[in-house]
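Feature list (source: TrEMBL):
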type	residues	note
BINDING	Ile25, Gly26, Ala27, Gly28, Asn29, Leu30	NADP(+) binding site
BINDING	Asn74	NADPH binding site
DOMAIN	21-116	domain 'Pyrroline-5-carboxylate reductase catalytic N-terminal'
DOMAIN	178-282	domain 'Pyrroline-5-carboxylate reductase dimerisation'
Amino acid sequence: MAAPPLQPVPPPAAVNGDGFRLGFIGAGNLAESIARGVAASGVLPASAIRTAPHRRPERGAAFASIGACLLDTNAQVVDDSDVIVISVKPQIVKQVLLELKPLLSDEKLLVSIAAGIKMKDLQDWSGQRRIIRVMPNTPSAVGQAASVMCLGEMATQKDENRVQSLFSAIGKVWTAEEKYFDAVTGLSGSGPAYVFLAIEAMADGGVAAGLPRDLALGLASQTVLGAATMVSETGKHPGQLKDQVTSPAGTTIAGVQELEKGAFRGTLISAVVAAAKRCRELS
């Protein structure tokens, strides 16, 4: 019998009484999305969030608009935070962690959202064992992220609960072993681009069939959103939901037949596998 599908980790009981302070090393768009979600959801008050100035002044302004605390240096962020999110570009993670290493202690939880940076490297560069690695994706900007986390050897249940709460504020969270992270990158990390292409192509098809561009794009995007919501909320297999739409000799099965001629499913499978392979090569 096939194993039941892995379900997202439900957010733990509210931790806003936990009183921890959340620091971001790096104030980019993804860090801002997390900070906004955390503050808006009430997981933490905005005053418990801190970061340091960014090379682009507008990034600091974005955090200030949330009500977060802007400190002068990354060292101050580390000193004044209980949970520290490493949200810099992957190519400078090593440099940043080596600089912060003397400031880190066992009392600090390190959370990395840097794509492709392995747990072993995070441990070696930071000198820490209390680490959680998280792979979110770009729909975090609209509160619909798909995030996967894995725990370092010294991460505690309390650490796991805190991180679940943080990332549940911007979407859904799963827990998996790190060995799956390249495949996670190929599917949910790169997957939004595949869906954007599908929406664009569906809208183009609508235009080709005679629809105005704005109506075609609106219908395509809402159709994808609605279909995804049905899969997520009904618990039904997507093949079962597809069969419910495809009546005998009807319009939908005619369209599905064309997709099969074009190897639609096989192409998507190959895209995920290719992206996962590339992730392994880069890391």
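Every residue gets a Cβ built from N, Cα and C, even glycine.
Remember, TrEMBL labels are computer predictions, not curated facts.
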Validating a neighbour-count step here. Other CB atoms within 10 A of the CB of Asn74 (NADPH binding site): how many?
21
Other CB atoms within 10 A, centred on Gly28 (NADP(+) binding site):
16
Separation of alpha carbons, the residue listed as 'NADPH binding site' and Leu30 (NADP(+) binding site) (Å):
18
May I have the list of same-chain residues other than Ile25, Gly26, Ala27, Gly28, Asn29, Leu30 whose Cβ is within 8 Å of the Cβ centroid of the recorded NADP(+) site, in sequence order?
Phe24, Ala31, Glu32, Thr51, His54, Arg59, Ser87, Val88
Round to a whole number and give the Cα-to-Cα distance in Å for the pair Ile25 (NADP(+) binding site) and Asn74 (NADPH binding site).
6
The residue listed as 'NADPH binding site' and Asn29 (NADP(+) binding site), distance between Cα atoms, whole Å:
17
Write out the long-range same-chain contacts of Gly26 (NADP(+) binding site), meaning residues 6 or more apart in sequence whose Cβ is under 8 Å from its Cβ.
Thr51, His54, Val85, Ile86, Ser87, Val88, Lys89, Val96
Ranking the binding-site residues Ile25, Ala27, Leu30 by other Cβ atoms within 10 Å, which is at the bottom?
Leu30
What is the Cβ neighbour count of Asn29 (NADP(+) binding site) at a 10 Å cut-off, with all protein chains included?
13
